[in-house]
């Protein structure tokens, strides 16, 4: 069998989509987790992240800082859409036969994952700081407390998942020649029309191999006349 190149065209466009291999792949699982975490973050803020105290004006539970809530919602929605986009791209990736398009796809994944990891880290620190500065008097009956804690916790979880996705994309980009990084199938089946490579040997026969990279056997054509000359003579008595 011959390994398929990660960036190379080859038979990449003919790889069939395997749902089981796709959804059990660690990268797909991480993307699904990131997708779920982003939903939890922005839904908690939208549903219970705002309270009104004696007025119709909604205040953010994070120290009444509207920027904190807006930042969490923005990053959550952006990473939600990004997770969906890269899930689709991962499913379509084995059918991409262009070397340049594959490298661009991996580079785009690397840039987005790194940016998402950074934004989630900033969001985690920002929201945790604002929650720590929030006075209990600002939240009567502890309104929105559970949602705020869940938001901070899942921001931290998102930092971890996107960090692993960033390292995975970086590894794929740096070692793009490995076959198992860009396709769900580790090896391509050997083609049926493989040409045989004959190698001559001393007695006129040939050794046939289907491996074009196999070295020919060490052979040496011996001259019968040389053998006669080198044969030691029996001692005469």
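We number each residue from 1, going along the chain as drawn.
For all residues, glycine too, the Cβ spot is worked out from N, Cα and C.
Nobody curates TrEMBL annotations by hand; they come from automatic prediction.
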Please identify the range among 71-93, 186-208 that TrEMBL labels transmembrane segment. 71-93
Other parts of the chain folded back onto the transmembrane segment (105-131), taken as Cβ under 8 Å at six or more residues beyond its ends: 34, 61-63, 65, 68, 71-72, 75, 78-79, 82, 86, 89, 93, 96, 148-149, 151-152, 155-156, 158-159, 162-163, 165-166, 168-170, 172-173, 176, 182
